[in-house]
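Heads up, the thing below is written out as structure tokens.
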Amino acid sequence: MVKCAACGKFLSAKGGATCGNFACHNRYHLACLPDAAPTGSDWLCPECRSRLPKGDNSATPVRGLGPVTAAAVVATPDQGAANKSPVRVTHTQNALSKFTDSKEVPRTGSDPATDGEPSPDTQLSLRDEIRLFRSELREVRDEMREFRREMAGLHSTVGICTERVDHLEARVEALESKQSVAMPDGKVSQLENLVSQLRLELNDREQDLFSSDLEIANIPEIPGENIVHTVGLVAAKLGLTVEERDIVFAQRVGQRVEREGRAAGATSPAAAAAARGRRIVVRLTRRSLRDGLLQSARVRRGATTADLGLPTPPRRFYLNERLTRTNKHLFYRVREAAGQLGWRYTWTKYGRILTRQGDGKPTHCIRTEEDLSRVFGGDVSAEKVV
């Protein structure tokens, strides 16, 4: 805070007069100045005016003087005192009287050594501020010390993690190098071929388990039907006799699909009965009986469900060998490839997939995916077939 250049008391940022001299800029209370003193931007303080080479210095404020001394100074003639205006002297006396009455002058002595010292209240306030600043500085130092400890711990943790990552990388590189040395490419190829051979053998064994099975497709599914009786009727339609003792089991497999009923958008029993039925899987007691049914189905190609006692319009049904999931997918691909390339015959026999380009052409057996490219050429791919 700025002090008054006349009385030494603190003054606020507003309400005072500032000297217009660039080298001075002293500030004064308005009460410390003569009544007629201007306070504009070009106004000069009494000290600056006293340094001008003209007139006397009678307008200079008196610092630290009591009423008697101030009166004596005013009354004592100085250089050019006889030429002073009585108005200027009166103004100075009035200002000094105001200072004395309002006790704005803290000291009546004129000792320059004590002139300008802060009051005890100001010293106490500064002391408290310094204590508070030291306390805050001490807290900041403690926080910085704690932050350094945390940074040191973090640096140690990061170092440990880096060492572990380096150790893991070294172990992975060692394992990779060991695997490349212990397992050459030729060995890997041999193992892959062995796995493929084992899968083929497992598929053949599974297919052998279906040697007495057959599938009947496109037979309408009726609620509460007797599937064994339906199988007997189908066999009679093909000219063979299959009794109940000749059937190990007969059941429908797959997800129920009601295409016709959904397409019609009806919920009546007739629409539900017209829905396409699931496949019927039948296992017979003898393989010869199954082969006889398949042969009769080939001879009577185009047989329908007429005369089977079903409450649905007649439709064509099909008899096929039961294939494993792998062979079924492979048979689908073979038929698609044969259709694309114009091959005429594709069939199954004893669980084997056979194909022939035409009459008088050789018959090919398809067992694996590689046989597709071997038989139909390299242009046949999974994208074209599937």
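A Cβ is built for glycine as well, from the same backbone N, Cα and C atoms used for every other residue.
Owing to the predicted nature of the structure, the values given are computational and were not obtained by experimental measurement.
Per TrEMBL, the features are:
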COILED    130-208  coiled coil
COMPBIAS  90-99  compositional bias 'Polar residues'
DOMAIN    324-374  domain 'FP protein C-terminal'
REGION    77-124  region 'Disordered'
Composition by DSSP (helix, strand, coil) of residues within the domain 'FP protein C-terminal' (324-374):
22 helix, 14 strand, 15 coil
Would you report the average pLDDT that the model assigns to the coiled coil (130-208)?
89
